[in-house]
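Below you'll find the structure, written out as structure tokens, and then a few comments.
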Amino acid sequence: SILLILSQCSVNSSVFTQEIMKWNGWGYSDSRFLFNKKGQAEFTGKRYRLSGMILPSLKDWFEGTFGASLQHKSPATVSAIYIYFFNAVQPPTLNEAFVEDLKSVGIPFSHDAEDRVFRAHGHCLHEIFALREGKVGRVPDLVVWPNCHNDVVKIVELACKHSVCLIPYGGGTSVSSALECPPEETRSIVSLDTSQMNRILWIDEKNLTAHVEAGIIGQDLERLLNENGYCTGHEPDSMEFSSLGGWVATRASGMKKNIYGNIEDLVVHIKMVTPRGVIEKSCLGPRMSTGPDIHHFIMGSEGTLGVVTEVTMKIRPMPEYQKYGSVVFPNFEQGVACLREVARQRCAPASIRLMDNEQFQFGHALKPQVSSIFTSFLDGLKKFYITKFKGFDPHHLCVATLLFEGNREKVLQHEKQVYDIAAKFGGLAAGEDNGQRGYMLTFVIAYLRDLGMDYYVIGESFETSVPWDRVLDICRNVKERIIRECKERGVQFPPLSTCRVTQTYDAGACVYFYFAFNYRGLSDPVHVYERVEHAAREEILANGGSLSHHHGVGKLRKEWMRETLSNVGMGMLKSVKDYVDPNNIFGNRNLL
Amino acid sequence: MAAKPPYSHRDPMLKKRDDFEDILEERRNSSDLRYALKCYTPVVYKGVTPNAASLLKTTVLQSDQLHYVVDQLSKETGVAADVIQEEASAILEEMAHRQQLSTVRFFAFTLSKAFKALFRSIHVNEEGIQRLQQAIQEHPVVLLPSHRSYMDFLLMSYILYTYDLVLPVIAAGMDFMGMKFVGEMLRMSGAFFIRRSFGGDKLYWTVFSEYVKTMLRNGMAPVEFFLEGTRSRTSKSLTPKLGLLNIVMDPFFKGEVFDVSLVPVSISYERILEETLYARELLGVPKPKESTSGLFKARKVLSEDYGSIHVYFGQPVSVRSLAQGKVNRCHFNLMPRHIPRRPSDETQCFVNDSAYSLVRAQEENMVLKPWVLLASLLLQNQSQGLLLDELTEQAVWLRGLSREYGAFLNWPDHMAPSEVVSSSLSLHRDLVKISGGRVQLALGGQAGPRQPCSSPITEEELMNQAVVVLSCTSYRNQALHVFLRPALLASAIHIATSAKKEEVYNSFSFLRNMLSNEFILCPGATLQDFEEACYLLGKTGALQMSQQEMQVTDSGQKTVNFLTAMLDPFLQGYQVVCRYLCEEATEALTEKQFIPAIRTFIVRLILAGSLRYYELLSSDLQKNALAALLRLGAIRKIKVADNVTLKVNRLMVNSLEDTLGGKLPTQKAVAARL
């Protein structure tokens, strides 16, 4: 069916990204964790460093941490076939006039159930959980694939003309319920998929900028620039799947922001199509004093004002040299103190992340089977040195992972500076390998959630930013709040409640919390999960943390916006929305 | 306060309380020395900071909080920062405890000997101990014992040592430090010393609060202090002091700890060691300065029988749960947390409410001995006394009533009531005399059998008799919290001009407000208290209520009479204070002169036979009355040179007096102002 409609149009093959992606889980279909017949964990596929490897300690960690058991399985209850062919999905409410006009301007579209369901969700736990159970709520009625800025202009015009609700869709990696269709929406909902707008339009080597269509996916952008010897350096954890437009719309942050900056530092020029017309600045000046920066109305607007179509962004020559590293600290307190000092001296490497003890142990559980006796002997020796000789308590020590970039000489110099600081806080260098594995984990951790869901374990991560002096307090209090809330809400097993500091700033840090629990014995696990996450967010706010560092607000965190921004602040945003989109064409109801 | 659940008519009789166990029993059967030298390995807080004890002082002296204040003071006064820092260091030296196990063991040994000599038993609720042990591991703990005796904190540490719990550090008044040797001993057993008043001294306050907070954050040991601030000389709970409670809650408000557990502890003495000492003090014999030699003179008390002690460790209260929905912790988001700030109104209100409910929690778990009931009855029958049989019969009646009202009564039900009565009387033989089968307060020797107690002739005689009466009231007062709300209602019905519910409520509200310096009455809980009182009186059949009216039943007359009589001395007392202020006080009356002057006035009235309650001579009542009138604005303080004079609004004082006496209806206007 999808082909029937699409065959009329020339659609680039990456429409079919969805065919190599899971429809009810994270990432590529070929890549997943599973417990094999021997009960050993392995990661399938060929895409990642971990792919095809056996992870001998994961099972024990998994069963020990969650009280889970390989005997108790909770596989997804429906196959794709059930959903798509037995009409679980509501038939589309089509705006015929809109569809006709769309046909006449030659923009490809589809109302196939699979296409619609695929674009009806992000990756919040409740969204994935529902899909696994075969539950589908309101989904877009139509998907359109504009090919360029002008296509978007046409679509938005038609949407205004026919009163259709537009929801921009980039990589679909939202974790704020931003892609959920408002159930109360009565108009036809059209998902505007930007995936066809994925070209680099030009590269300006004199000014080190590139002009890129906003639908491009992170890894493609990086790969294409790399071919020309450049990079953006913007590497959010989701970069395999998230899009440039999505980054702009959510104020994204990248792992290596210490060198390259966050999205707001990288962007030079933005073009966005709104119901009022196209908004863009008139020049590419690197900084302007022309009243409030209109880019800041666009960045973080979460699809409520229009569609970002093209972005001019800074590029850098590819780094000559990269080096991973890691440091073990006797405890989390010392680790945080070290990161704070690194930030004070403004000598943070491209990336510096500090995991707490639980994550350290988790990281260990993901160690692949070692190839030689020698490596395992070395590991044992290292462990002996750290715990026995240095006296680190294995239940308190924590690890920081580092990534240095630049020219070789400078990297080595920089590395020494950082390790010297770490030493003052009792930190011991723990090797490149541990560091590299830490970063690899970033990309596979989302796959692990799917494994958990096969065995009654659900979980998610959420983030905040917080002043330095509160980092330790917020970490302790939020983790404890999670544990207590789980207990009070009848969770039968102790949850995994852990955190890490993932970014350093002059005035504070970004903290990530991971939280998962075994839901056996609960009748409504998702509800419990949501209440706990809600409580955790309240705790974050009460401890001086922000509502979000980079995930955005979406619909998940809307309720706290007023207290976050003040009444006047809300009014300002509201009035911008009212001016730009008076008929709420961009009606995803995020943010406000 | 929307979150506060409406008062539920939970039957107070159904209150579940733990059983007790006598910790002296084992001491009487095994070696004290071995006990003092036992292996002591208490469980500690899971988040305890390693080396916290040794780093304590350094942590305080290097804290951002202290640095900030030192810098500020240095800027304000021009004194060099390091000089002020030195001063801070000296303050900390003077304050800090130096707990060491050897001293604790010494106390464990000597106190065992002393306790066995003084007391028949020390009862402790073991379940409470278990709860405490649990709490200590989970969160920083604050112990909040009631304060009736010097004994209290030694006793607390003794019990914790016995049960292998972490010994607390205790906030003690500086006056203890005056006792050279003992002061140091107490310090080594875990006491730290705070000056009684340091109102404006920012540096002192900072060092002090940082010291307490550091101990709490580190979680090395429970912090113990007395919510009431000082020993209650009257056995009534005192209006809680908020300073320390504010300090221990602060780390939670600021997110420095996940939670703080507050554990109210109720210590009840069957016979208070300081019994007559307190009475004399209340009558104006100044409190002897604590001195080591004084303590040794007190050795004669060792030869007396002080009955038993009951210590009840209440349910730990989580500050986090208390504050849920009442305190917005985001308040601290926009400023560095080390910069001192006045707590917000919301926070102050919360701390105040919490303090009241904690004191009420202490009250609720106070064990009452039969003697408390006997003292109440004897005080109401001072002139005639009661025949032993009558007394027994009434005591049994009162036993029933107090249980209905939820009293934690320790009445040995296996004994015949007459036996219970006579054994109680014998323990308190200093206060009662029995002649010709008639039981009376022991007011001087000359009153013969069947003869009304003769009026005193001289002031000295009067004072001696008053000592006995006040000693006795201190026992009755232990039961006041049980009867207080129904008694307020009974008195309100008595003074109200009609039986209309609304009128009665107005009177109730007036009385409650008037007496809120006297008793523990949570601010803002008038309606709740009224409903509770109605429920209790209704439940026992003393009161009949229709939609509009409330009427005392015939069978309830006895209860209502008893209740009104219980409150009557207080109402009379406040009226006398009012009368004095209207009739006798001069324009130049200073605050300092007030107590002696009012005492002279009352002595005169009693000697003239126009006043019968000796307990009005209690300076506690007089001070409370003054405080109430100041609070209501009937008196204003005016500072003249070094003196504070009292400016009396005669019209208002007069009308308050009349309203108290039931001569004037509780005016809406008055009620509204209150």
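Positions of Cβ are set from backbone N, Cα and C atoms, glycine also.
TrEMBL has this to say about the protein:
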- A:136-318: domain 'FAD-binding PCMH-type' (DOMAIN)
- A:168-174, A:250-253, A:302-308: FAD binding site (BINDING)
- A:ARG353: site 'Important for enzyme activity' (SITE)
- A:ARG449: substrate binding site (BINDING)
- A:TYR512: active site, proton donor/acceptor (ACT_SITE)
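Shown here: features listed in TrEMBL, placed on the structure.
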residue	record	Cβ within 10 Å
A:PRO168	FAD binding site	30
A:GLY171	FAD binding site	23
A:SER174	FAD binding site	29
A:ALA252	FAD binding site	27
A:GLY303	FAD binding site	28
A:GLY306	FAD binding site	26
A:ARG353	site 'Important for enzyme activity'	24
A:ARG449	substrate binding site	21
A:TYR512	active site, proton donor/acceptor	20
Mean of the pLDDT scores, which run from 0 to 100, over the domain 'FAD-binding PCMH-type' (A:136-318): 97
Residue from A:ARG353, A:ARG449, A:TYR512 whose C-alpha is spatially nearest that of A:GLY306 (FAD binding site), among the recorded positions: A:TYR512
From recorded positions A:ARG353, A:ARG449, A:TYR512, the one whose Cα lies nearest A:ALA252 (FAD binding site): A:TYR512
Spatially closest candidate among A:PRO168, A:GLY171, A:SER174, the listed binding-site residues, to A:TYR512 (active site, proton donor/acceptor) (Cα to Cα): A:SER174
Rounded Cα separation (Å) that holds between A:GLY171 (FAD binding site) and A:ARG449 (substrate binding site): 19
Distance [Cα-Cα, Å, rounded] between A:GLY303 (FAD binding site) and A:ARG449 (substrate binding site): 27
Reduced DSSP assignment, A:PRO168 (FAD binding site): strand
From recorded positions A:PRO168, A:SER174, A:ARG353, the one whose Cα lies nearest the residue listed as 'substrate binding site': A:SER174
Cα distance (Å, whole number) from A:SER174 (FAD binding site) to A:ARG353 (site 'Important for enzyme activity'): 22
